[in-house]
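K.L.:
I'd like to ask some things about the structure below.
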Amino acid sequence: MRLVLPNPGLDLRIPNYEDLEKMEKEDGDRPKWDNKAQYILTCVGFCVGIGNVWRFPYLCQTHGGGAFLIPYIILLVLEGLPLLLLEFGIGQRLRKGSVGVWRAINPYLTGVGIASMLVSLLIGLYYNTLIAWIMWYLFNSFQGPLPWTQCPLNDNRTGFISECQQSSTVDYYFYRVTLNASASITDSGGLQWPIVICLLAAWTVICICYIRGISTSGKAVYVTALLPYVVLAIFLIRGLTLKGAMNGVKYLFTPDVDELMNPTTWLDAGAQVFYAFSLAWGGLISFSSYNPVHNNCMQDAVILTIITGLTSIYAATVTYTVIGFRATDKYDTCISENIRMLLNGFELPEDSITASNYNAALHHLNSSNPDTVFGLDIKTCDMQKLLSEGVEGTGLAFIVFTEAITKMPGSPAWSVLFFIMLLCLGLSTLFGNIEGVVVPLKDLNLFPKKWPQEALTGVTCLVSFIICLLFAQQSGLYWVTLFDNFAGSIPLLTIGLTEMIAVVYIYGIDRFNEDIKFMIGKKPCIFWQISLRFTSPLILLVILVFYLVTQAQQELTYLVWDPDYDEFPTLASVPYPSWINVVIFVLAGIPSLVVPVYALCRLVFVRCKKKMNYLNTVSASEASCLFHQCTFVMVGIKCNIF
Amino acid sequence: MLGPLPELLQHCAILLFVFWEKCWKRSCSCSVCHFLWQKGSVNQYPWNKNEMFLFRAALAFAMRDFTNGEEFGVSDIHPCNETQRVSFWFVVTRPKTMDLVDKGTVEMAIKKSRNRINGAFLLTDKTLEFDGIYPTLAAPVSPDTPPWLIVFGVVMGAVSVGIIALLVYPLVQRKLKKNMDADDEDSDEETGVKTAENGANDGIYNSTFSDDERFTQM
């Protein structure tokens, strides 16, 4: 039952085993890792990103706490591990970047590589904007008190600006001072200069780290991949000593087994595993192609899976100690406020109501003087609600965490540490990202061959910076959310699925097994066989279908920061304008469609070329007709894409 | 907040009853004063008659300071309806004439000498509250050069130096190498040896060349 699609000429396109051995002995011009540690650290840095800090803990907590770990680990092993082995193995075997690998397997599949490159580019653009925001906060952390602890004063200096008064200091600092967010995505406002400067800093840092390819980024990863773990450890110790930390951890890990029955849980777990491993970006294939031929890629895949899984849990624990502390602090403040109002309202002596007898006292007062109590407008203090507040994405880092940090003694130091950690997490992911953009551009010959690596990196960074200015506008936050939702979801799943099908059924799983045997010394065992052939593609297909269905059913709305909204400071849910469909098509549709469209174009081109060769023997009128038919693919010839 | 004024009137000392009536008719020239408890260490402000005397003296000082010389005395400040949580109403009368001073003037006097009154009790705007008189807040300290600009400058400077160093270093290396080659007078002999080697060596693996052959022929 070996289903392999016909693939003529494969042996001509890929180096055979003797060539590989020869390449191994000679010192080719292909970059190499200095040592295994660099390679592992780069891959770990690539896989462990900001999502581990601000996406996984949220998913864990909303989908049943400790119980979420069950689908997460199952899908980690069934979905993530085989895909990792696939990308590592194919990169190491074919010794090329993503475009080169797919082109070698079958020239019609080059579209997969191009799609990977486009997705990496789009993701890299908005990811670096997040890095720019993190840098802004980092730069502003070198002062005490931190600038987001105070509201600015209003005109007559008797109070604070109303926008800040109604929301909170951290909200105001993020939405107004940093982003100067407009009220809708259409209202682009002007460029927000602090963000432009931070974007410049972000792209320059990436440029210098990647300026000579992996020879410079390989050195940078020693810091960017290891520092987050150190900082997380420091935060863990600090977090556990804070009051109320265990409330947060308990909230996170309290299992709710009923959630396992919910298909969304499994879907979200699958999607998280897929994105966490940065699969289908093309970076992993590139990185493993710089390995020696006999590197044990199977072991690497297992190591990486274990490290990513453990890091997610570790980061989630740290995050929730801080969230627990913040929630407890807010709860205590809420109770004290209520006590004060009651004491003031009923003119009771000090200390007659404390936190411990608050409930009893409130009940007593409510039963004796309900009207007065009602008039006082006592707010209910709900710990569970506070624990579940705004704890995902940018909200976690820039609002919840910054607020929690202001309450810790020595806040500037903690703030600096936190944002350096986020910066390192983001940078190490971006190395893989930019690898997934620059190397395909090189393979597609879109750059002149004479240009050195420095020029390639420089030009890519410069062009990306200019496109990123879109995110520096006042509506930039909404664009980032748009990119986050659409550029990184459907296309990645499509590419991942295509990769699996391509390697298993077009390259041939038998050939792949032989390759692994040649490289490592033993064939992949039955687990890999079954998962590569059936389970992983099936899981990916199910996730993709569900995603398409849910996205199609969803109304296109987004959340805006609108001070004029009735329920301000809650974010208002506003429908997208109609032209957003074009943007969504560009973000999600084009990378997904590149794969079949490229194959189609190539088919036409091949036919055309055959006819062109035949042109010499036909009449002039026929020749001109055929010529017009083939004109549109001339671009392909010029760019040497085909 | 404290209940409607007529209710309070009933609790007032008879001595000041007349004044309270006038107060109500003139739509209140009274002031309310709250001594709040301090969070944390001091739970309750220790209140006694002497403290009340200090308050009246401080307020008399404030009135004197504001009106520039009118000799308000301690007897011109009339508190009433003290509560356990240390809050009370008070009215101010003019010295000698016993006319009520209107609320606006009292408020402005308090605003002017707020610091001194706070200082007399070693309290702050947060712990000594005059109802209806909002303290002007201190503006947050903002340094001339925002610190973030300084950090940004440092980072960009370091990165720019790094980029220039990385770009210039190989050029410098190449120049040094060229100089070394120029100094080498055996260069002719060396190239001769090399060509002989090339001829003798049958196949130096040229990956670029082989690569081109690997693309499928159309």
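Just so it is clear, glycine is given a Cβ too, placed from its N, Cα and C backbone atoms.
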K.L.:
From A:Leu423, A:Leu425, A:Leu441, grab the residue that TrEMBL records in the same Na(+) site as A:Gly45, A:Val48, A:Asn52.
P.N.:
A:Leu425
K.L.:
Looking only at the recorded stretches A:69-90, A:269-290, A:455-480, which one has the largest tally of CB-CB distances under 8 Å to the transmembrane segment (A:111-139)?
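P.N.:
Per the Cβ count, the answer is A:455-480.
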K.L.:
Does A:Gly45 (Na(+) binding site) have same-chain partners at least 6 apart in sequence with Cβ under 8 Å from its own Cβ, and which are they?
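P.N.:
In sequence order, A:Val221, A:Thr224, A:Ala225, A:Leu425, A:Ser428, A:Thr429, A:Phe431, A:Gly432 meet the Cβ cut-off.
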K.L.:
Same chain only, please: residues at least 6 beyond the ends of the transmembrane segment (A:302-323) with a C-beta under 8 Å from a C-beta of the stretch. Say none if there are none.
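P.N.:
Same-chain contacts beyond the ends: 40, 43-44, 47-48, 52-54, 56-57, 60-61, 69, 72-73, 76-77, 80-81, 84, 229, 232, 235-236, 239-240, 242, 245-246, 248-249, 251-252, 276-277, 387, 391, 396, 400-401, 404.
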K.L.:
What are the sequence-distant neighbours of A:Val48 (Na(+) binding site), meaning same chain, six or more residues apart, C-beta distance under 8 angstroms?
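P.N.:
Expected: A:Ala225, A:Pro228, A:Ile307, A:Thr308, A:Thr311, A:Leu425, A:Ser428, A:Thr429.
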K.L.:
Quick check: which same-chain residues outside A:Gly45, A:Val48, A:Asn52, A:Leu425 lie with their CB within 8 A of the centre of the Na(+) site CB atoms?
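P.N.:
Output for this site, in sequence order: A:Val44, A:Phe46, A:Cys47, A:Gly49, A:Ile50, A:Val53, A:Ala225, A:Pro228, A:Thr311, A:Cys424, A:Ser428, A:Thr429.
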K.L.:
Do the transmembrane segment (A:191-211) and the transmembrane segment (A:455-480) come close, with at least three CB pairs under 8 A (pairs 6 or more apart in sequence)?
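P.N.:
Between the transmembrane segment (A:191-211) and the transmembrane segment (A:455-480), contact is present.
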K.L.:
Kindly say whether the transmembrane segment (A:39-57) and the transmembrane segment (A:486-509) touch, using the definition of 3 or more Cβ pairs under 8 Å where each pair is 6 or more positions apart.
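P.N.:
Counting Cβ pairs under 8 Å (6 or more apart in sequence), the transmembrane segment (A:39-57) does not reach the transmembrane segment (A:486-509), since there are fewer than 3.
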K.L.:
Within this structure, do the transmembrane segment (A:269-290) and the transmembrane segment (A:486-509) have 3 or more Cβ pairs under 8 angstroms, counting pairs 6 or more apart in sequence?
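P.N.:
Yes, these stretches are in contact.
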